[in-house]
Amino acid sequence: MWKISNENDIFKKRKPLPPKKSEESQPELTPWQKQNQEYLKKQAEEAASKGENEQAEVTITLQEQSQEEPQQHLPQETVEEEEHFADRLPNVKKTRNKRLYRRLAFILTCLGTAILVALYFVSPLSRLSEVTVSGNKSVESQAIIQQSKLETGSGLWEQYSNRNYFSANIQKKFPIIKKANIKLNGINSFKIDIQEYQIVALAATKGGYHPILENGKTLAETTKAAESGKPIFENFKEDKLIPELMASYNKLPQEIKQGISEIKYAPSKTNKDLINVYMNDGNRVIVNISDLSEKMAYYSQVAEQMDKPGIVDMEVGIFSYPYEKESEETGSEVSEDSAVENQEVVDPNAGVATDEANNGTPTNGENQEVQQAE
């Protein structure tokens, strides 16, 4: 037989049943609503002391208010957030579409560029079609194109990237060319701009006249006739002398250059740097190559003080004298030299001497004795 325990023990051991869940779950309350409910509960507890009837009425009223107020008293921030999010939905879609369009445009641009570049290098436009020359005066255009080693029909950009090499070929072959600038001319053609050295003088040789450039180089080509207006350099057999002379000559004023007709190399025993500069006004200037640019600056002042053409000596100082004085000095020197050379040399072994005054008639010792007796 089972022993029935006390009713109180049975009720103590029985666990309380969990509250039944409402079919419709209530929305989560905000902190404001929770405080409101706590406030209502306090009022309900106070009203309970006054009477059950009043408590019931107050409870019913408060419950109705609590059910109506959650929607009426929602925080303004939550409502605004929902409104802002709804407003941003179209903007988000537009932003995404713009990004997609940009990426698509970038990809299409890259593909289109690659296709165009490939088509360009396959087409004849990427090959050199023509070469023209401008600025050349002394060298023919066809000779310049030929010596440049540029090839029509070959790659345009490959040759353009190596344009310095082709310019060097031209300058190496033609010393008169100072610069050869290769640049694009149109879609697939080149233009060579030539800048030449000026021919400032002529070097006189047995075969003719060689042009002398402003940088001191002497060209190998010869001309039979001298070009008017260009000074003539004579007796410059050493190659290094002309570049030294041109370094000083280029520093002269233009009016002095125009007044020079000829320059001769005239070294002395003691001075290997001496030259004679012949002027168009008839004067002759004696000066060192190294002093040419410095001392020739005073030539105009000295020439104005001269009464007639003569010599301007600038070897040591600066002074002038007429040609007659030089001829007298030269004549005296020549007479002294001729007297020394014409002295009779008697050979003791020679018995006969030739007298030019007697047309080669021999003179013996008997004639000498007759002359002595007379």
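Here, residue 1 is simply the first one shown, and the rest follow in order.
Just so you know, glycine gets a Cβ as well, placed from its N, Cα and C.
Look at Swiss-Prot and you will find 39-53 tagged as compositional bias 'Basic and acidic residues'.
Among the features that Swiss-Prot reports, compositional bias 'Polar residues' is placed at 56-75 (among others).
Residues or ranges marked as compositional bias 'Acidic residues' by Swiss-Prot: 326-339.
What Swiss-Prot records for 356-374 (among others) is compositional bias 'Polar residues'.
As annotated by Swiss-Prot, domain 'POTRA' applies to 126-197.
The region 'Disordered' feature in Swiss-Prot is assigned to 1-90 (among others).
Per Swiss-Prot, the feature region 'Disordered' maps to 325-374 (among others).
Per Swiss-Prot, topological domain 'Cytoplasmic' is recorded for 1-103.
As annotated by Swiss-Prot, topological domain 'Extracellular' applies to 125-374. Taken together, the residues in the topological domain 'Extracellular' (125-374) have a mean pLDDT of 83 on the 0 to 100 scale.
The transmembrane segment annotation in Swiss-Prot covers 104-124. Counting same-chain residues at least six beyond the ends of the transmembrane segment (104-124), those with a Cβ under 8 angstroms from any Cβ of the stretch are 188.
Counting residues per DSSP class in helix, strand and coil order gives 26 helix, 23 strand, 23 coil for the domain 'POTRA' (126-197).
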